[in-house]
Structures are given as C-alpha cells and as structure tokens.
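The structure appears below as structure tokens.
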C-alpha cells in the first residue's frame, strides 16, 4: 500500500537531470570553483581567528564566539587538516604550536562522548599523521609518538569512563574532570555507541594500548547483538538495560555513522567481521526501508513505515554505497537527493517525501557536508560531470544565501533564507574540504599509490602517504598504512627476536632470556621460555593498561526527553 501511495510522487521527485546538464558540467571551470572554495575557507577561518578564537565556534551575525562542545577551540582543531589539504603548510605549523600550548582537557566540562571523539580525537590523530608531510620536525619514534598523538590519547582517555557500563555501550556525556555524572541519562543514540572504531583502533595501533580498540569493538558488538529479529537497529537505546527506547529504524540521524564505521572500520583494519555485519544490515535496510531509491523510517521490529521522511544527514549513504562498490544504486539515490537540493538551494533537515516539502520546524540547513561528501566519492568512482554540477550549485547557494561579513551563517529556514547566528566547526572540517577535493583531482589525498614516503621507525621501515585515506565521520583523513608502523611492526620484531633466540640457544646449547623493547610507558615484558609465564605477563600488561579510573554510576530514567521522528528532544523544545 505504501508503495502504491508513494509511487507517483516518488517518480516525480526522482526525475533525472536533463541530458544537457552533463554537457554543461563538462564545461565547468573546475580550477575557478576550486579557488572560490579556497576563498570561502579563508573568509570563514580568518573571521574565526579574529572574532571567535579561543572559543569553539564563530557566531557570524554578531562577530563573536561561543563554546559549544567543550571549550577546546574546536574550530581550530577541526580546520587543521583542511589547511594542509589547501596547501597552507605555514599556518598548519603555527596552529599545531598554538594547540600544544593552549588546549587543556583537564577541565570541569560535560562533553559529548561522540562529538569529542569525531572532532577532537579524530582531528588530532589526522593532524599527527600529516605532521611530517606538513614540514614539521617530528620526534624520534614518529608516527608511534608525538605531541599531537599524546593529546589525542589524553582526550580519548577522558572518554573511557563512559564505556564502563554493563553492556559496554557508552553513556552519551562525560565530565572531562570527574567522569560520568551521577544521574546521567543512560539513553544514547545508536551512532553515539557505534562511532569509535576508526579513531580508537588507530590510537591502539599507534600507541600499543589495546584498551581503545577493545571498548570500541565491544560497543559495536553490543549493538549487533541487540538488533531486531528482522535485522534492524533502532535510534536510541538504554546502555544499562539494552532496551530500545526509540524504535525507529533508518539510515539517518541517530544511526548514520554506525553503519559508516562498520564499512570504514572494515577497510581500515581489513576486518571481515565488521564488513559482514554491514552487509547483513544492508540487506535488511534494502528489504524494509528502501522505496524507489529513497530510504524511509520504519519500526525496527515490524518493518512498517513510521515516517516517509528524508533527512539531510542521510545524504552520506550514496558515498558509503560507493565504498562497497554499489555505484549504480548510489547514483540513483544521489540524484533523488539532488532534486531536493535544487528545490531549495540546500538540504532541509527533514523533507516529507510524499508531500515534496519541508517538515515543520525542520526547515533549516546548517551547511552540512553529506551530499557534497557523496558527490566527492562518486566523482572519484565515475567521473560523472553531474557530480561537479552539484559542487557548483553548492558553492553558488552557500555564497549567495549564507555568506555574511563575519563568515558563513547557518540557514535557519530554506524557504525564506533566514539565517541563524552559528557557524558549526564542521563547515571548515567537512563541507569546505569535500568541496575542495571534488574540484581538486590532483590533491595528495587522492594519491593512487604511485607516490609514497618511507619512514624509519623504532620498529623498522614504514610506508606512509601512499593514499587510501579513510575519512572519519568529521572528514578527518586517517592514513591506513600508519596502523602498520607500530604495533604490527613490534610483533614482527618479536617474532624475529624469538627466531634469533632459538638459533643462538641451540648454537650455544644453553637458554637465555631476551628482553623485548618496552611498550610506551608500560615497562618491560620479558619473554620466558614457558608459555604460562608469558601468559601471566600478558595479563599483567593488559590489566595495567586498562587500570584507568572507569567510573560506574547510577542511571537515570528517560523521563526528561522525548523521542520524535527518530531523534530525541528535550521536553521544552
């Protein structure tokens, strides 16, 4: 019945671009648009420095700043790797020094576990791995050590208390000084549970401390374990009881980056289990939520449509489809979303598909990157000039509607182009970055492996900057090769040492003990000839690494919030 109801309207909304549009895009001056994107970045960035730093974000209508996610000078961290992608080595170097001197995580602030991870931990890790390329003098042991890596690790450790729950699924908020507050709500969105494996696995591989990857994997598996019988997950879950509080299933707000991180985590770690999880979800998503290349919201246990709504956050999905090679389906869905962009000059937060219009109180566009992100991925895969046309339209729309004297302002209502006094840090971290990369086919990020650097580490030679970067959900690129520079190399080194020990013990007909290289700050581990001793040493090492103060706190009932359309809002909104 729903298909019959939506059918004619969906066909109208899914109209393909006219044949002439491709030809027009072929004549598009890519270099000119690339320079316009560069100018957009500096208009926003320089006004942030002048009017808002050291606050988290710029308020472009009043030319001042505000703290939003924890008082980290967040826009500076989020914009750091964008500076290098634009080729500004000197400013990258200056900002690294500013952050080392000015950012402190020992503060009495309640911070979002999810946002701190993707923006702060992700931003610092990316900048750390790009430091040498940016001309910074790196310390001995890099990329397995370095000041930005230590900052990322410090920030991540502040988040670990949130994971100390019976299910392993984290609280949504943590106090950076005191841990989880007593009375903190145990209800967390699905994305807030399943969006850690990229950053935390990278940390574990670079530092040698498994605790980060361990908690991220446990959280992912807890969500998998609690999927419904028809293979779907809901929107919000109680991390103490594992009971679903919001049972809307879809690919958008509250769920989105969980699916994204199963795919990206699988690619980053070459992990078949994570990919198989996603592919199972993908089957259920196609079976129950997909209608004529749109994706609706359904009840997670029954599969019945709850809301025929497209959310702007869902526009990442075609890019994700391209990563698993499903390019044809990705393009069809992308073109649906592009029709909405052309209707409004941006993507409204919610769009009612049958009515072909915005949803009340969800008419805004905070300069989100997701459709541009998908265009960038799909253009790399297809070279379809239609994707460049979306980039052109984005530049024209954002400059015309959003640009003000002090930066770029969130669009409060796409119907009348009223503005809001906020410029989210993701505008410089993601929106500008993906636009620039769409128009810069020769950027080092797009390296196909023909160019690379060989770096000598304490664990042997290491190949870096060969391409294949994995973007976290805040568009911070992680070099997957770096994950093989430290921990893996150390394991290989130990294997060689074991072989050498066996050789010399036979030659000299006597046994001796060979000490392994100490882990960073973890002390020495001595390899005994007996397996049992080695096992005990390993247990002691692991217990020492995970002995940080992980707080257990009482839960609070979910009375103060309301779940609507797959999102959770305070009662007073």
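Backbone N, Cα and C define each Cβ position, glycine as well.
Whatever TrEMBL says is automated annotation, not expert-curated.
As the structure is a computational prediction, the values presented were derived from the model and not from experiment.
TrEMBL has this to say about the protein:
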- 1-24: signal peptide (SIGNAL)
- 115: active site, proton donor (ACT_SITE)
- 256: active site (ACT_SITE)
- 349: active site, proton donor (ACT_SITE)
- 370: active site (ACT_SITE)
- 473: Ca(2+) binding site (BINDING)
- 514-554: region 'Disordered' (REGION)
- 516-541: compositional bias 'Basic and acidic residues' (COMPBIAS)
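Feature annotations (TrEMBL) mapped to structure.
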residue : record                    : CB count, 10 Å
115     : active site, proton donor : 20
256     : active site               : 25
349     : active site, proton donor : 22
370     : active site               : 24
473     : Ca(2+) binding site       : 25
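Across the structure, residue 349 (active site, proton donor) and residue 370 (active site) are spaced 11 Å apart at their Cα atoms.
A gap of 10 Å separates the Cα atoms of residue 115 (active site, proton donor) and the residue listed as 'Ca(2+) binding site'. Cα spacing between residue 473 (Ca(2+) binding site) and residue 256 (active site): 10 Å, rounded to the nearest whole number.
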